[in-house]
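Enquirer: The structure that follows is given in the form of structure tokens.
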Ligand code: GUN
């Protein structure tokens, strides 16, 4: 069994990005600028955004954090998005999700100029991704693809089972694993209502678990030699930790790992790669790589 080290891979890629930024700036180019908008004080979102700002520093990007209280109105948030869309100094921006219930998330996502949508959540980017055109690809699926590539894991012609059908992970992951230019795999998507979920998993060469249920994937569901990618990051109460919780993946790691050829840990697997992919997208935005 080989452990896929997302933390080390992300560090290496951020160092590569930092080198490229140095060259861009040395040649008179613009330092990429990412803006993160954070509404409220959700613990998970606070951590994600803090890590995104830190990653910007590591990559040599300019970053700006805009904070709003939980009671901001939808109109006010839309005005913020509009301002960022028009600000030439801003290459890319994200609005951290989830948003408070009184704000229509989809309306906010669709208000973001797709040229600056480094999350890859705007329907234009989602649509372009699904037909294989250049675009911002959402960060978690892009991070997983990068891990598979960097570890030289063969995906072409393999049976890949994706657990979960979210807009952020399951659906785009399925699209990418299916496409010839990325995964080139035979893809099955399972979800909470799939009657044959266990059977599908047992036949899979690659399992990507993004179902959000701690320890869901057990050893009896995994074929000998399979590749297992764990996207789960559920906060589980843990009195032995200073924070009072630990991050729990969707895979019962201790019993599944011995059966795998490759497996990602939680934490230190997919998580750091997600942020690293956001950095890749921000660099691409700065370079106007996908859209002129
Ligand atoms: N919430 C959880 N993951 C993400 C992400 O990748 N981007 C944004 N904007 N919000 C999130």
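From the backbone N, Cα and C atoms, a Cβ is placed for every residue, glycine too.
Caution: TrEMBL annotation is automatic and unverified by curators.
Since we're looking at a predicted model, the values are computed, not measured.
As annotated in TrEMBL:
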{"type": "BINDING", "residues": "164, 165, 166, 233", "note": "NADP(+) binding site"}
{"type": "DOMAIN", "residues": "4-119", "note": "domain 'Tetrahydrofolate dehydrogenase/cyclohydrolase catalytic'"}
{"type": "DOMAIN", "residues": "138-288", "note": "domain 'Tetrahydrofolate dehydrogenase/cyclohydrolase NAD(P)-binding'"}
Enquirer: For 166, 233, listed as binding-site residues, tell me which one has the smallest number of other Cβ atoms within 10 Å.
Expert: 166
Enquirer: Count the residues of the domain 'Tetrahydrofolate dehydrogenase/cyclohydrolase catalytic' (4-119) that DSSP assigns to helix (H, G, I), to strand (E, B) and to coil, and report the three numbers in that order.
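Expert: Summed over the domain 'Tetrahydrofolate dehydrogenase/cyclohydrolase catalytic' (4-119), the classes give 61 helix, 18 strand, 37 coil.
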Enquirer: For each of the binding-site residues (164, 165), count the other CB atoms lying within 10 A of its CB, then report the residue with the highest count.
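Expert: By the 10 Å Cβ neighbour count, 164 comes out on top.
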Enquirer: Taking the residues the record says bind NADP(+) (164, 165, 166, 233), how far apart in Å are the two Cα atoms that sit farthest from each other?
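Expert: This binding site's residues have a maximal Cα-Cα distance of 16 Å.
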